Amino acid sequence: MTAIRVVLADDQDIVRGGLRLMVDSAPDLTVVGEAATGAQAVRLARQARADVVLMDIRMPELDGLAATRRITADEGLAGVKVLILTTFEVDEYVFEALRAGASGFLGKGARPEVLLDAIRTVARGDALLSPAATRGLIARYLAIDDHGPAPPPTSSTSSPTANARWSPWSPPACRTPRSPTTSPSALSPSKHTSTTP
């Protein structure tokens, strides 16, 4: 069986060292490169023929979200999956990561076996979110259902480019669920103050 090829992208040497030991301990996974910046991660994804890039968010030169957008927008890297691994499991990062084309989002507090399984999950083409990220998505979806589309999360990072590949998770803000048996004209004005059609 061919091992899953993993690139580690994190600006802290000690974190990369720990991740390497963890990933290389699995017989079906192998680390093929380490990057300390987002720009290095993009280069290594191609040079090392990675299957999965384990990507931190806050890195110098090019942050992990921008690096993810570059990887997922590059047709030459169509087979590369990005798994975000970060300390910051906040809604704005989750949405930015998924819109950038990341296949998964996990917190650094995850247990080793959870992380290794997450790498395998995204490598086979499935999507994965941490429990905290999932709770954020559910809360946002429910807010949309109750109050109409919510504004996009704010972030200091640049917005995703239009040519990024499709994300496995469609942003909930793009979907406004309606009951199939209820037309917009039947909504009671006393309960729905929005005038948006």
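The backbone N, Cα and C atoms fix where each Cβ goes, glycine too.
Nobody curates TrEMBL annotations by hand; they come from automatic prediction.
Confidence for the domain 'Response regulatory' (5-123), expressed as mean pLDDT, is 94. Look at TrEMBL and you will find 5-123 tagged as domain 'Response regulatory'.
The feature 4-aspartylphosphate is assigned by TrEMBL to ASP56. Remark: ASP56 (4-aspartylphosphate) has ALA9, ASP10, ASP11, VAL15, GLY64, ILE84, LEU85, THR86 as non-local neighbours, by Cβ distance under 8 Å and separation of at least 6 in sequence.
As annotated by TrEMBL, region 'Disordered' applies to 149-197.
Taken from TrEMBL, the feature compositional bias 'Low complexity' applies to 172-190.
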